[in-house]
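Record features, source Swiss-Prot:
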REGION    59-118  region 'Disordered'
CARBOHYD  N145  N-linked glycosylation site
CARBOHYD  N264  N-linked glycosylation site
CARBOHYD  N275  N-linked glycosylation site
CARBOHYD  N285  N-linked glycosylation site
CARBOHYD  N296  N-linked glycosylation site
CARBOHYD  N300  N-linked glycosylation site
CARBOHYD  N320  N-linked glycosylation site
CARBOHYD  N426  N-linked glycosylation site
CARBOHYD  N439  N-linked glycosylation site
DISULFID  C537-C575  disulfide bond
DISULFID  C543-C576  disulfide bond
CARBOHYD  N549  N-linked glycosylation site
CARBOHYD  N565  N-linked glycosylation site
BINDING   S631, S633, R638, S801, D845  glycine binding site
BINDING   S633, R638, S801, A802, D845  D-serine binding site
INTRAMEM  716-727  intramembrane segment
DISULFID  C859-C913  disulfide bond
CARBOHYD  N886  N-linked glycosylation site
REGION    951-987  region 'PPP2CB binding site'
REGION    1082-1115  region 'GIT1-binding'
Amino acid sequence: MRRLSLWWLLSRVCLLLPPPCALVLAGVPSSSSHPQPCQILKRIGHAVRVGAVHLQPWTTAPRAASRAQDGGRAGAQRDEPESGTWRPPAPSQGARWLGSALHGRGPPGSRKLGEGAGTETLWPRDALLFAVENLNRVEGLLPYNLSLEVVMAIEAGLGDLPLMPFSSPSSPWSSDPFSFLQSVCHTVVVQGVSALLAFPQSQGEMMELDLVSSVLHIPVLSIVRHEFPRESQNPLHLQLSLENSLSSDADVTVSILTMNNWYNFSLLLCQEDWNITDFLLLTENNSKFHLESIINITANLSSTKDLLSFLQVQLENIRNSTPTMVMFGCDMGSIRQIFEMSTQFGLSPPDLHWVLGDSQNVEELRTEGLPLGLIAHGKTTQSVFEYYVQDAMELVARAVATATMIQPELALLPSTMNCMDVKTTNLTSGQYLSRFLANTTFRGLSGSIKVKGSTIVSSENNFFIWNLQYDPMGKPMWTRLGSWQGGRIVMDSGIWPEQAQRHKTHFHHPNKLHLRVVTLIEHPFVFTREVDDEGLCPAGQLCLDPMTNDSSILDSLFSSLHSSNDTVPIKFKKCCYGYCIDLLEQLAEDMNFDFDLYIVGDGKYGAWKNGHWTGLVGDLLSGTANMAVTSFSINTARSQVIDFTSPFFSTSLGILVRTRDTAAPIGAFMWPLHWTMWLGIFVALHITAIFLTLYEWKSPFGMTPKGRNRNKVFSFSSALNVCYALLFGRTAAIKPPKCWTGRFLMNLWAIFCMFCLSTYTANLAAVMVGEKIYEELSGIHDPKLHHPSQGFRFGTVRESSAEDYVRQSFPEMHEYMRRYNVPATPDGVQYLKNDPEKLDAFIMDKALLDYEVSIDADCKLLTVGKPFAIEGYGIGLPPNSPLTSNISELISQYKSHGFMDVLHDKWYKVVPCGKRSFAVTETLQMGIKHFSGLFVLLCIGFGLSILTTIGEHIVYRLLLPRIKNKSKLQYWLHTSQRFHRALNTSFVEEKQPCSKTKRVEKSRWRRWTCKTEGDSELSLFPRSNMGPQQLMVWNTSNLSHDNQRKYIFNDEEGQNQLGTQTHQDIPLPPRRRELPASLTTNGKADSLNVARNSVMQELSELEKQIQVIRQELQLAVSRKTELEEYQRTNRTCES
């Protein structure tokens, strides 16, 4: 409560004493401002509304005619508006330029005030829309994100009503002031406006606006062509006169004459009707001035002969009486014609001072044909009508913004919104706002805006004063002598015109200049190397590194250096070379000067510190150096104390970080192809497999049951196996398709896989090596810089333009980074590259950082983020140096002729780090960490294989019995042959011929009977379905033929006895003669055979075969016993 009471008391005091309190409140920090008034902002719709009345178009006359008509007097009044017929805006005017940006400085095609020879129409309505659109783009103009809105009065042909071509600006909008007041209330005031902008064209309209402001207590700002005299000073009614700016030429010219004590003068007029009344009145009111004569050459300009004879007579008459000639109404062509003629025929007296009384355009000033000592003045930009309208709107916006920070309710909520109920409080919102209007000053588009005497808003342009002099090379050049500000001349420095006239003969053959140049080591702009044994530089320029800025020490060192007995210590000598040294040498050759070069003692660019400038700026200001050539950034603070040439190198600020190599993550082997490519490959694979299956089963030559009696079936699983084998280059056994279409599609898929695999292989090595990680910073506005986390370190070079930018734009960030700032750029780069690094980010000029990145042998540096703070490098010179314009002109020529490009290619043409060639073993050597993902993938495969095994058992034990018992879908050959056989376990293979060397094929629970070569009948009785390797038993059912099995003995009798023993005594079960089952090539049995082979028959046959095997085993055992006994008997007999 105490704090609120203090602010309330301070606001009341400020209302009583506005001027001093404006300075006090300017120093109040933003943190102490009024909290955001949410309810007030909601009531006004987050917008400040400004009303607009008297929006009829203006029709202006030519400058000369209009000013001659009214005598050029700013106070001339007209009760009736100027003549002219109002017309609606043409399609090409008005809204066609409403989208112009603020920095565009006006709409395209805008006419400058007073420019042109014919009448022109000014459109207040369009100018207001243009001003509101531009001002709403200015950040921070209004607090709390408020916006400006203009409420236009609905008049004839204006506002939201249809245009009326018959309307005339001369006809009054309302018949009397009270009707006008009522109309304003009903159309503008009811919408809650903070102020009114008006464009009156007569004294009667001014009186109406006086009435509105007095009755409704609303500030009114009238924009008029001429200042209207008023009997009463109403603080609520201000007027901005456009004619004030047009009549300033006379004030500037009189000030120039007074400054040089040129009180005796003559006038030379190129246009007879040119208005010089203002100038004549000013000189007549000053008793020191004496007008000798007026030379009017208007009638003689058409003929060169007449002009020559006329000037010869007139100038001869004033040769001994007039030291000064002031010219009015002359364009640059006429001026050049007059001076060339005077110089050629010697008409002009040698000591005559020439002054151009009219404001000149700086872009049109030339030196050819003009005399030395000529004085001119002008503005860098010419004001247009729209600029004054925008400045008036900005004046209201700034006043509202200042008032809102003290009492937002009184500043934002209009006191008058109903004319029938006008509040009679002690202090209305309009009266409160008018006090801030009277104390608001700013630099606008039309000039310096300020309020004089509480009712007159003035827009004063700063005129610059130029003098034509010779430069040190003997060439004419325009030198700025000063400026006209606030009604007086503020001189810079330079040679006075009379001094130039006195010494002009000395500049025709100037001596060679000798300059002292200071530089600063900054790669690639300035390098240094050691001198040779003799203290000389075989290449580059000899420079001194004295480690001091003392001018006396430098004088002694350079004196000793140029003397015959050189005593400068060799430790002070260096060889300087680089981008800027080449530029300096070229400038010295073209401008014919010599130079001494030294390195700045403190190694700083220059900053204001401890009450003085340091570094390069300090050397220039102290006179130690005449020129500073290095990567010298042009900024506002330096430009205010020294001169800069036009920039020879454009750059910005950047952020440098260090990269770190890391191993590729687990899924890095997938990175060579995008996930969409992987998805596309596997989708294409399965689609190809489907089409391969369809083509094979629909073809008459396919590997299908309906095909050409094939032994195998090409199913969908076979197609998948083919596609996967081709994709991964697997050399496993596959069943290729047999039809022609399938083979063509398979080869097409192989080509597709070849290109995909080669692309993957080409990118795999680069990906598997690993990526480089770094601090990702989006730019200077990155949260890591504004809210640095624990341990995040960043800095810049001390007393550099980068530090100055951060200090002014981001004070809190600058306070944090001060501890990490480094003395020079190489130090910051080294801090980044150290292990462990001392900096995480380094902010500096991007031109310097790019070079450091390009020469980094380890490829550890990288610039990140968007560039910011666009700036340029210029050559620094002492203030008001006559060399500034000449060097700037030469730099422009170097740019246009390509010399600067040659320097850039020479010193920046370094092979980028990313394009260097490294050893293959260094770049592509990969360990197990790079393939960790593949090992993980293999482990996952092992786990999936276990799941697959479990799935097979689930299918075999649960799914197959259910399909057998309940499902009617028993045919699965098109999907999987193995699955089909598992469902159909009882079928007979067809009878096939057998041979001695051919293996008999297996079957399930069936007997195959084959004929051998000796017509022996062999029977095969396989086991039940026990697996792929089935036990086969051969039965010799007919051994009485010639091709019988025999045992071989040494004794022929025994051999015959044993060999003829047969197994016919073993009763074999009678064999049934069965018809061969009719089978297809894929093993599918006929339905009749399946029904005939019952389980009981098979069991009986098995039992019989078991008995046969038992008997054969018994015979074999007994036979073995006999053979062993026979062997023992033979051995006993032999012994």
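From the backbone N, Cα and C atoms, a Cβ is placed for every residue, glycine too.
Secondary structure at C576 (disulfide bond), as computed by DSSP, is strand. Cα of N296 (N-linked glycosylation site) to Cα of N264 (N-linked glycosylation site): a distance of 18 Å. With the fewest other C-beta atoms within 10 Å around its C-beta, N565 stands out among the glycosylation sites N264, N296, N439, N565.
Highest Cβ count within 10 Å among the glycosylation sites N145, N275: N275.
The two recorded residues N275 (N-linked glycosylation site) and S801 (glycine binding site) have their Cα atoms spaced 49 Å from each other.
With S633, R638, S801, A802, D845 listed as the residues that bind D-serine, the site has a largest C-alpha separation of 17 Å.
For the pair R638 (glycine binding site) and A802 (D-serine binding site), the C-alpha distance works out to 13 angstrom. Residues listed for glycine, S631, S633, R638, S801, D845, cover a largest CA to CA span of 17 Å.
Listed in sequence order, L520, E522, F525, V526, C580, F649, D845, A847, L848, Y873 are the same-chain residues at least 6 apart in sequence whose CB falls under 8 Å from the CB of S631 (glycine binding site). Across the fold, the C-alpha of C859 (disulfide bond) and the C-alpha of C543 (disulfide bond) stand 33 Å from each other. Around the Cβ of A802 (D-serine binding site), the same chain contributes L653, T796, I843, M844, D845, A869, each under 8 angstroms and 6 or more positions distant in sequence. Other Cβ atoms within 10 Å of the Cβ of N549 (N-linked glycosylation site) number 21 in total over all chains. In the three-state DSSP assignment, the secondary structure recorded for N426 (N-linked glycosylation site) is coil. Confidence for the region 'PPP2CB binding site' (951-987), expressed as mean pLDDT, is 70.
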